[in-house]
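One structure is given below, encoded as structure tokens.
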Amino acid sequence: MALASVVKVVLGSIAFAIFWVLAVFPAVPFLPIGRTAGSLLGAMLMVVFRVLTPDQAYDAIDLPILGLLFGTMVVSIYLERADMFKYLGMMLSWKSKGAKDLICRICLISAISSALFTNDTACVVLTEFVLKTARQHNLPPHPFLLALASSANIGSSATPIGNPQNLVIAVQSKISFGNFLIGILPAMLVGVFVNALILICMYWKLLSIQKDEEDVAVEVFSEEEMNSHRFSPATLSHNSQEWNSRLELMAVQSPPHLSGNMGHVEALRNRAISSETEIQKDPIVTLDSARNSNASKEAAKDVSTQVKEETIPSKRVASMDRLRDALSVRSSEGKEDFTTKWKKLLWKSCVYLVTIGMLIALLMGLNMSWTTITAALALVVLDFKDARPSLEKVSYSLLIFFCGMFITVDGFNRTGIPSTLWDLMEPYSRIDHVSGIAILAIVILVMSNLASNVPTVLLLGARVAASATAISATDEKKAWLILAWVSTVAGNLSLLGSAANLIVCEQARRAPQFGYTLSFWSHLKFGVPSTLIITAIGLALIR
């Protein structure tokens, strides 16, 4: 494609440059509007500068990619509600055999969950679990956070639903889910293993520190949590006599007030002495008064016993009624708890079955966008509730970002600059030679870190595929898979290389009680050798 007019080239380059700056640096001081607004601004400028017509801008939006992205986000939201990621987090520390074992577990679980539920989702929900596990083992969280982010990027390369750039490649190349998985899975598995090996070698001393003492804070918290649940109204006795005896026992065991008790004893002694002196003074009078008092006491006793005999049956009936009511309330609560647990277990099972059905349908080669949307709507219906709380968790800003990016990249393509640059590189980037694959990988690696991986795929995808088609049809598929592998693994090069890295960094910084800051240079020290080694190994395994 030849270069467009000078005016269109200049204006299109300005619009794309504004989009690129805001996409890579969303909080620049002169225009801190963020990535989403930056992509819409770039799209609007492409239309205002007449690089694209309004109809061409609408046609540039790829609805199948947006549908696939929306469906995977909704399914991930319902899987999170069904505690899928909670169970994955629990697997991190279950029967752990040390720090090196924990590194391997994090790499494996992060890679698998990213391949099935996207790398961003896996990083969002697993970061806090990783921080808690590292704290419980008295280990520095730095290598474990690197393991989570890097393995999430590597694992997401294996499937079309693993990350956004793979969604674009799967839709544009029309490679089926199964062929995509078979083509990259060996490279992904070896890449995860090598990534864990590099982490263990780089942080051998940190991971070899033995656990000298338990984390007291965690133990105290668990003990307090256990104690806080011991006292509840359901455990109180419904027998009033037993409750009164407990109160009396508590009163006896409580520390006495010495001065009050001594005064009470002295008063009793004074009353006894005075009664003895009165009896000795006038025995006859005292005898008569004693008889009268005894008679009155016996009469009162007869009346009281009669009243007691009359009131005891009524008290027994009342206590039995209270006991019956309490038992009925407790049994009804037990039935409600059992019913609630049964319904929740059934709902979770349905969520897992629908997800498995979605994966089977994708492996069978059904349309990926409509398969994920169908699974998402099936989960909405099975939930049998207002879907608004769940749908509000969908990242609509990401969908809008993609719309603006599609328009902006299409406008930049129409300037002819990408085609001209590719014409210069194409003779040296043919995938039928090892040197050509190496040059192509370096170009993808650099562009993915400068312009982000999704714009790189949109700019290079069709051109790389066309160049490979000129060689053979099988090489076209290989070219798409190479683009998917390198653009994804390139995200591990630096902290800004992928959204998954930034998510782990931000989630770790904001985590309550476990906050940790992952610096740019500490990530770069690991990212450069890891990315170069794993990219090279994967290129040798992709078929």
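Cβ coordinates are placed from backbone N, Cα and C, and glycine is handled just like the others.
Features of the protein shown, as given by TrEMBL:
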DOMAIN    27-490  domain 'Citrate transporter-like'
TRANSMEM  6-25  transmembrane segment
TRANSMEM  63-81  transmembrane segment
TRANSMEM  180-204  transmembrane segment
TRANSMEM  351-382  transmembrane segment
TRANSMEM  394-412  transmembrane segment
TRANSMEM  433-451  transmembrane segment
TRANSMEM  480-504  transmembrane segment
TRANSMEM  524-542  transmembrane segment
Mean predicted confidence [pLDDT] for the domain 'Citrate transporter-like' (27-490): 77
Stretch of maximal Cβ-Cβ contact with the transmembrane segment (6-25) [cut-off: under 8 Å; candidates 63-81, 351-382, 394-412, 433-451]: 394-412
Interface-richest range of 63-81, 180-204, 351-382, 433-451, 480-504 toward the transmembrane segment (394-412), CB pairs under 8 Å: 63-81
Contact between the transmembrane segment (433-451) and the transmembrane segment (351-382) (3 or more Cβ pairs under 8 Å, separation 6+): no
Long-range neighbours of the transmembrane segment (180-204), counting only residues six or more past its ends (CB under 8 A): 100, 103-104, 107-108, 111, 115, 142-143, 146-147, 150-151, 154-155, 157-160, 166, 170, 363, 477-478, 481, 484-485, 489, 526, 529-530, 533-534, 537-539, 541-543
